[in-house]
Amino acid sequence: MRSMAAIFAVGLLAASSSLPAAAAEPHISDWNRIEQAASGQTVYFNAWGGSENINAYLQWVSSEMQSRYRVTVVQVKLDDTASAVAKVIAEKASGKNEGGSVDLIWINGENFVSMKQKNLLLTPGWATALPNWRYVDSENQPTILTDFTEPTEGLESPWGGAKMVFFYDSARTDASSLPDNSAQLLDWAKKNPGRFSYPAPPDFIGSSFLKQVLAEVIDDPAKLSQPVNEASFERDVAPLFAYLDALHPVAWRSGKTFPQNYPDMKQKLADSELDIIFAFNPAEASAGIKAGELPETVRSFTFSRGTLGNTHFVAIPYNANAKEGALLTANFLISPEAQLRKQNPTYWGDPTVLAISKLPEADRAAFAALDLGAATLAPDKLGPVIAEPHTTWMNRIEVEWRRRYASGN
Amino acid sequence: MIAYLPKSAVVLTLCLLFLPITFGLLGTLLPAFGYLPALGHHGLSLQPFRDLASTPGLVTATVLSMATGLVATLISLAVTLVFIAGHAGTPMLSRMQHLLAPLLAVPHAAVAFGVAFLFAPSGFLIRLAAPFLGIDRPPDVLIPHDPLGFTMIAGLVIKETPFLLLVTLAALPQVELGAARRLAASFGYGRIAGFVYLLWPTLYRQIRFAVYAVIAYTSSVVDVALILGPNLPGTLAVQLVQWMNDPDLDARFLASAGAVLQLGVTLAALLLWFFLERLSAIMMRNARERGWRFERDRLLCRASVLAVGLVGGVVFAGLAILAIWSLAGLWRFPDILPQSFTLRSWMSASPSLGNAVVTTLITGFASTLLAIALTIGCLERELQTGRNVGEKSLLMLYLPLIVPQITFVFGLQLLFIGTGSGDRLAALVLVHLVFVLPYVFLSLADPWRALDRRYEIIATALGRSRISVLLSIRLPMLMRPILTAMAVGFSVSVAQYLPTVLIGEGRLATITTEAVALASGNNRRVIAVYALLQTMLPFLAFALASLIPAALHSDRQEMKV
């Protein structure tokens with residue numbers, strides 16, 4: 001019993017005493033050395049495990065990494081990305097500054113900002129030094145260099161694009177009645193009570209819907225690129241909550257409960273419970289049709305004045321055990337081959353982060369030849385991108401949302 | 001040397017139960033008071049509790065946790081009581097016993113999904129009724145997730161009633177059923193009233209810790225609450241998990257303070273139950289002293305059969321719906337069956353399945369074997385010293401069941417990383433053991449104590465040593481209960497989620513961790529595949545537990561059941 005207590009005390013002490021110097025970082029410029037060091041390593045890739053498609057894609061990545069570089073990539077299936085962040089914190093708390101259990105995380109937005117601020121990420125600049133960075137579309141996709149207005153500083157490597165797109169079943173809903181902005185969406189909901197809803201924050205897609213509406217109704221959208229101004233916050237978000245106050249009585253289940261997340265909305269579209277749903281992936285409906293989850297009559301639409309768009313990334317924790325293997329994997333994920341497969345709706349359907357114009361001829365042709373499916377809008381039909389607001393908005397809106405709608409009063 | 005084994009088993013068992021919980025609670029308490037060096041918080045403060053108090057909807061969430069737990073326990077116990085009181089000693093009851101064990105093998109999440117798939121507005125029952133009612137769109141009705149938690153209570157009752165029934169049935173042989181029945185009947189008391197007046201107090205004393213465990217479980221449950229419970233706000237336990245997963249790392253302090261509150265909620269629920277116990281004892285005494293006979297209880301007896309039948313029916317119907325969903329192609333509302341069937345969901349699950357099944361089996365077997373060895377050691381020690389373990393040690397056994405998991409597992413995770421232990425699998429087995437051990441002990445203790453000691457006395461008189469008596473007489477004769485206890489332990493291990501995720505660091509995937517990760521994607525087909533898998537393994541364990549003794553004892557007529 002005494003020894004157990006001692007061990008516990010040591011654990012806490014180690015956490016409070018000053019940390020030993022970090023192990024030597026791999027030199028990203030010497031790519032040959034990295035490949036050599038990576039050989040035989042096991043990379044624990046912590047990624048949301050809620051989608052069969054994505055899990056299968058990662059299985060493919062794993063087999064490619066094995067045959068090309070002798071790197072074993074193991075997907076640690078998370079139900080929430082934050083639990084990987086929590087693991088890194090727990091390790092830091094107990095003084096485990098090397099040999100950590102997380103090598104690579106699928107991440108963006110709040111989780112990234114959180115890890116960046118707490119210094120839990122591998123040294124800046126590695127991402128932009130990856131050999132395949134030369135293909136990345138850092139010029140035309142501003143969200144590749146700033147993640148929710150937080151500069152990425154090469155702390156995370158882009159993996160895929162995202163754009164908010166709406167879906168409906170053309171067999172049930174008349175295309176001419178579809179809304180073209182948030183205000184029209186509210187009118188549509190009033191005419192079709194109980195047939196629209198959004199996931200309750202802090203679900204990522206639900207929070208995104210709130211940001212979409214806010215971006216459309218706020219008096220000055222420029223405010224959103226800055227941190228929340230506490231003095232004017234109440235006034236800034238008043239139109240958003242007026243919108244929600246009007247929406248909830250005509251929403252699904254009268255706004256007394258909300259869909260759990262995006263896949264839940266997808267099921268509810270198939271169940272005829274919801275008529276308009278949305279996702280952050282333009283090919284989601286095509287993939288759903290292919291998987292037999294959605295009827296073939298589902299189609300997509302966006303708002304002509306723009307919908308929210310962002311990029312998701314992979315990052316390496318400061319105490320990763322297989323840093324070289326993680327670097328190699330991150331580099332493979334932005335290779336034209338991996339990105340091509342990722343954009344193919346048969347496998348995933350996620351928009352690429354690469355600039356097609358920078359690619360070699362053969363890859364350009366392969367991207368052009370992709371069949372995106374009848375339910376997917378062509379890239380030029382997706383409409384303009386509305387940038388993500390500064391992360392402070394997300395936190396404050398979520399808190400405010402819960403205060404108003406989740407207090408049970 | 002061998003004589004010391006049982007004694008050390010007792011010490012080891014107590015340590016295994018007590019130490020992890022204590023350290024786990026410490027690891028939760030310190031951050032609750034603002035101490036978590038990794039995040040740069042070295043001082044102690046009450047700020048986390050202040051933040052907790054200002055959380056919107058906290059009161060509602062707390063009341064919900066407590067109320068759903070208490071009401072679900074109350075209903076489950078009432079159904080159990082009336083059913084046993086009405087039917088103890090009848091052949092129906094002994095047949096029931098065989099049906100109950102498989103019900104226990106169905107994990108909570110599978111039951112909850114089954115309930116949701118049956119009763120939701122786009123669920124199976126409405127689809128059955130749709131052609132007659134002319135419904136082509138699911139009605140906009142708030143089930144599940146109703147704000148008062150009725151669906152959640154129903155789900156919990158369906159899961160907990162079989163458990164309480166089984167526990168009560170196990171304790172039943174210890175009361176003088178036949179004599180009491182005859183006495184009560186000869187004075188003109190109804191079946192239920194006679195049972196309650198004469199036998200229930202003794203019986204309840206035997207099962208009360210199981211009831212407490214049910215209260216603790218239902219007041220802190222996460223998975224059932226997520227699937228069926230209200231979510232605006234959710235119950236306290238659900239919010240706790242959300243805070244622990246909050247990207248804002250400082251929410252960890254809030255989560256720890258919330259975990260302390262959760263412990264308080266569970267203790268308060270137990271305290272309230274304690275008062276209810278006193279109150280009902282007084283009411284019962286009053287009714288008895290006034291000679292109220294409640295002769296016309298036939299309707300109530302029948303209602304209890306209906307209730308128990310409904311519980312079993314919903315579980316099996318839910319499993320059937322899960323099976324259909326796991327094979328479904330496109331399945332639109334209001335179709336009763338899918339437009340097409342496909343093995344796709346099973347196929348796509350299979351690549352990642354192998355490892356998960358192996359880890360599940362290894363962890364389950366290892367923790368169950370350790371648990372059974374320790375349990376036998378403790379029970380053998382009891383025989384040696386002639387002392388019963390007594391109420392106090394029983395409480396210790398129930399500690400891991402009564403202290404909400406969520407309040408100490410996170411602290412435990414910090415401890416494990418702190419020890420620098422590289423052997424994750426060993427750590428995982430040990431943590432599973434904390435939860436497996438109590439169930440194994442409680443399942444085996446009664447049959448162990450009930451075995452006629454004269455067999456051993458004769459054997460000892462003939463010059464056999466204690467250890468050889470144990471090996472050649474006691475263990476073979478108790479083969480069936482031992483295997484049943486192991487099956488119970490194994491299914492407890494299979495169902496563990498939180499400890500597996502935290503201690504296994506996500507690298508040791510089991511069927512249950514895979515199931516929860518995939519359930520977050522909310523794909524009904526995938527959920528169905530994993531819920532069925534989660535059910536199948538314990539089911540197999542129970543099947544083996546009844547087949548092995550039958551095969552071993554096939555030449556002995558008397559050992560057959």
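If you go along the chain as it appears here, the first residue is 1 and each next one adds 1.
Every residue, even glycine, has its Cβ placed from backbone N, Cα and C.
Summarising the annotation, TrEMBL assigns transmembrane segment to B:58-84 (among others).
The domain 'ABC transmembrane type-1' annotation in TrEMBL covers B:58-273 (among others).
Positions annotated as transmembrane segment by TrEMBL: B:105-130 (among others).
Among the features that TrEMBL reports, transmembrane segment is placed at B:150-172 (among others). Beyond the transmembrane segment (B:150-172), the same-chain residues lying 6 or more positions past its ends with a Cβ under 8 Å from any Cβ of the stretch are 68-69, 71-73, 75-77, 79-81, 83-84, 88, 93, 96-97, 100-101, 103-104, 106, 108, 111-112, 115-116, 119, 143-144, 203, 206-207, 210-211, 214, 217-218, 221, 224-225, 227-230, 235, 307-308, 311-312, 314-315, 443, 446.
Here TrEMBL flags B:209-233 (among others) as transmembrane segment.
Cβ atoms under 8 Å from those of the transmembrane segment (B:253-276) belong to residues 25, 28-32, 34, 36, 41, 47-49, 51-52, 55, 62, 65-66, 69-70, 73-74, 211-212, 215-216, 219-220, 236-237, 239-240, 243-244, 246, 402-404, 406-407, 410 of the same chain, restricted to positions at least 6 beyond its ends. According to TrEMBL, the feature transmembrane segment maps to B:253-276 (among others).
Among the features that TrEMBL reports, transmembrane segment is placed at B:303-333 (among others). Cβ atoms under 8 Å from those of the transmembrane segment (B:303-333) belong to residues 79, 82-83, 86-87, 96, 99, 103, 106, 110-111, 113-115, 117-118, 122, 124, 127, 136-138, 157-158, 161-162, 165, 339-346, 524-525, 527-529, 531-532, 535 of the same chain, restricted to positions at least 6 beyond its ends.
Per TrEMBL, the feature transmembrane segment maps to B:353-376 (among others).
Sequence annotations record features per position, and here TrEMBL assigns domain 'ABC transmembrane type-1' to B:353-545 (among others).
Sequence annotations record features per position, and here TrEMBL assigns transmembrane segment to B:397-419 (among others).
What TrEMBL lists as transmembrane segment is B:425-445 (among others).
With a threshold of 8 Å between CB atoms, the same-chain residues lying at least 6 positions outside the transmembrane segment (B:527-552) that come near it are 101-102, 104-107, 109-110, 113-114, 319, 322-326, 345-346, 349, 353, 357, 360-361, 364, 479-480, 483-484, 486-487, 490-491, 494-495, 511-512, 514-515, 518-519, 559-561. If you look up TrEMBL, you'll see B:527-552 (among others) marked as transmembrane segment.
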Handout entry: Contact ranking winner - B:105-130, B:209-233, B:425-445 against the transmembrane segment (B:353-376), Cβ under 8 Å
Key = B:425-445
Handout entry: Residues of the parent chain within Cβ reach of the transmembrane segment (B:58-84), under 8 Å, 6 or more residues beyond its termini
Key = 52, 93, 149, 152-153, 156-157, 160-161, 163-165, 168-169, 172, 192, 195-196, 200, 211, 214-215, 217-221, 225, 229-230, 233-237, 239, 261-262, 265-266, 268-269, 272-273, 276, 300-301, 303-305, 307-308, 311
